[in-house]
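Per Swiss-Prot, the features are as follows:
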type    : residues                               : note
BINDING : G41, H42, N43, G44, S45, G46, K47, S48 : ATP binding site
DOMAIN  : 7-241                                  : domain 'ABC transporter'
Amino acid sequence: MDENKIIEVAHLKYEYPQASRLALNDLSVSINAGEWVAIIGHNGSGKSTFAKSLNGLLDLQSGDITIDGLPLSIETVWDIRRKIGMVFQNPDNQFVGATVEDDVAFGLENQGIERTEMQRRVQDAVDRVGMTQFMTREPSRLSGGQKQRVALAGIIAQQPEILILDEATSMLDPKGRQEVLETIHTLKQETNMTVLSITHDIDEAASADRIVMLDKGQVIDQGTPAEIFAYGQRLLDLGLDVPYPEKLKAALTKLGVPMPVDYLTTERMVDHLWTLHSKM
């Protein structure tokens, strides 16, 4: 295995009972240590199935998965699960503690972590996600964004090498989504954790180092956000959205305004339009 590759999957196949086609159809991809990769695709493209396969939640028909040098098997599955932390769509389904502090500590108690070390990890985790002042609060009384930050703290406390976000921001309002993404950005900068984001949210995908596109259980393309977003119409054809600057660029092009062919972020779009205006 390439020492830079923390996740390597090859020729994965999986079919749900009574399904008309494979959910994963000869899927192969690799992810570097410390990389943030967004997996995008329409509903039914295989995104969540792929995520669940990585820590042995599914019994694959065929294929190989290697996590940090360990081939996934019955013998290694628990070692691999300790390397991976998952945050799901609905944080309420992950809460077990009566307070934020209890909930963040729960996974550590199951691992038999010594009490002093457990207290240190819990405090560090809630500090990192900006929830220190809510330590004694009931999770059910928090906002959506706050709940996901607590769920994230519970994962951080366990110190995994890989963080998987399985549609973790899809049920949040824009403010809550931004809170969670900013928290992950900060965490990534401080720890260099590998992040795998399963999403159909283009703004979330834009935060990644690389985007992998799935369709019908297969990887159909991958590249930087700028490379993928430049496809424009192809994303729409796959049932995905395109960033607002790309929509604006298409509309301006139809009006005859000269626009570059590559993807423009909001900042670059403003700079480009300002340059055009100054030349008028």
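In case you wondered, yes, glycine gets a Cβ from its N, Cα and C as well.
Annotated features, which come from Swiss-Prot, shown on the structure.
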residue : record           : Cβ contacts under 8 Å, 6 or more apart
G41     : ATP binding site : K47, H200, M213, L214, D215, L238, L240
H42     : ATP binding site : H200, D215, L238, G239, L240
N43     : ATP binding site : H200, G239
G44     : ATP binding site : none
S45     : ATP binding site : L214, D215, K216, G217
G46     : ATP binding site : A23, L24, N25, L27, L214, K216, G217, Q218
S48     : ATP binding site : D166, E167, I198
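Note: the ATP site is recorded as G41, H42, N43, G44, S45, G46, K47, S48; in the same chain, T49, H200, L214, D215 also have Cβ atoms within 8 Å of that site's Cβ centroid. Per-residue pLDDT, averaged along the domain 'ABC transporter' (7-241), amounts to 90 for this model. In the shown protein chains, 24 other C-beta atoms lie within 10 A of the C-beta of K47 (ATP binding site). According to DSSP, G46 (ATP binding site) is assigned to coil rather than to any helix or strand.
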